[in-house]
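Everything below concerns the one structure shown next.
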Amino acid sequence: MEVCNSTLGNGFILVGILDGSGFPELLCATITALYFLALTSNGLLLLVITMDARLHVPMYLLLWQLSLMDLLLTSVITPKAVIDFLIKDNTISFGGCALQMFLELTLGSAEDLLLAFMAYDRYVAICHPLNYTILMSHKVCWLMIATSWSLASLSALGYSIYTMKYSFCKSRQIRHLFCEIPPLLKLACADTSTYELMVYVMGVTLLIPPLAAILASYSLILCTVLHMPSNEGRKKALVTCSSHLTVVGMWYGGAIVMYVLPSSFHSPKQDNISSVFYTIFTPALNPLIYSLRNKEVTGALRRVLGKRLLSVQSTF
């Protein structure tokens with residue numbers, strides 16, 4: 001399969017949610033605000049966990065990785081989409097499209113796996129607290145992180161290379177916010193049915209087992225929580241679990257719509273909305289839900305910012 005010369009020379013045109021919206025300016029402002037929220041909240045969390053040695057434990061190391069993935073994922077997509085809308089130039093080069101696809105698949109797949117590992121961490125902490133240091137040692141934690149990145153990057157590399165080998169001659173317009181496999185395959189000249197099945201298998205493999213692990217972990221956590229003698233502790237745990245599951249639902253819901261639902265159920269508008277949920281909304285919400293409401297994190301934030309203020313004052 002050789003790529004058409006016209007594709008190589010001219011690249012693609014991204015026709016995403018901002019172009020098809022009834023209120024594009026308002027939507028652009030909302031997406032920009034969410035991006036800056038993601039940038040600020042994830043950046044603060046990365047700073048706090050890095051600077052405070054008391055947070056160098058498996059739970060917060062996993063959260064550090066989640067913030068890094070969210071920050072990179074939304075930065076791969078959002079700035080280009082906003083800038084393209086403002087300057088009225090939605091083109092992307094062939095190489096730029098391939099790179100964006102690879103990065104999005106790597107970061108998205110890594111987060112799929114990491115969220116499952118985070119749920120397991122919470123399960124061990126709540127249901128087996130006496131064995132936590134054994135079951136969730138630093139070695140196990142770093143193994144989880146390495147597994148997430150390595151499996152995700154290998155899968156993304158293979159699928160990105162294979163996707164970009166197709167000839168794209170039907171149109172240069174990708175009716176999507178960014179370069180992603182399902183909308184790009186609609187432009188291919190050749191029959192893509194076999195490859196679409198491979199993409200479906202990838203989606204099922206990387207999404208369904210982690211989601212099942214998350215649901216199983218939180219089910220066991222809820223069973224333990226309901227037997228707690230303290231009403232306050234039970235209420236706090238229930239609120240935390242429900243907020244976590246809300247974010248998980250947004251993330252996996254959008255990804256499942258894109259990669260698990262058959263192509264006959266897809267429409268450009270639906271795909272754009274689904275992608276926005278897991279590439280823009282959840283990176284902005286994850287730090288607020290998982291960490292910045294946590295007393296240990298907020299306490300560490302005060303200590304870090306307090307030290308910074310003192311160091312600034314001492315220079316004057």
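Glycine is treated like the rest: Cβ placed from N, Cα and C.
Over in TrEMBL, the protein carries these features:
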{"type": "DOMAIN", "residues": "41-290", "note": "domain 'G-protein coupled receptors family 1 profile'"}
{"type": "TRANSMEM", "residues": "29-49", "note": "transmembrane segment"}
{"type": "TRANSMEM", "residues": "61-78", "note": "transmembrane segment"}
{"type": "TRANSMEM", "residues": "98-120", "note": "transmembrane segment"}
{"type": "TRANSMEM", "residues": "140-162", "note": "transmembrane segment"}
{"type": "TRANSMEM", "residues": "197-225", "note": "transmembrane segment"}
{"type": "TRANSMEM", "residues": "237-261", "note": "transmembrane segment"}
{"type": "TRANSMEM", "residues": "273-292", "note": "transmembrane segment"}
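Only pairs six or more apart in sequence are counted, and the transmembrane segment (197-225) with the transmembrane segment (29-49) gives fewer than three Cβ pairs under 8 Å, not enough to call it a contact.
Of the candidate ranges 140-162, 237-261, 273-292, 273-292 contributes the most Cβ pairs within a distance under 8 Å of the transmembrane segment (29-49). Within the chain carrying the transmembrane segment (237-261), a Cβ under 8 angstroms from the stretch's Cβ atoms is held by residues 108, 111-112, 115, 119, 122, 126, 180-182, 199-200, 202-204, 206-208, 210-211, 214, 218, 221-222, 225, 228, 270-271, 274-278, 281-282, 285-286, 289-290, all 6 or more beyond its ends. Mean model confidence for the domain 'G-protein coupled receptors family 1 profile' (41-290) is a pLDDT of 89.
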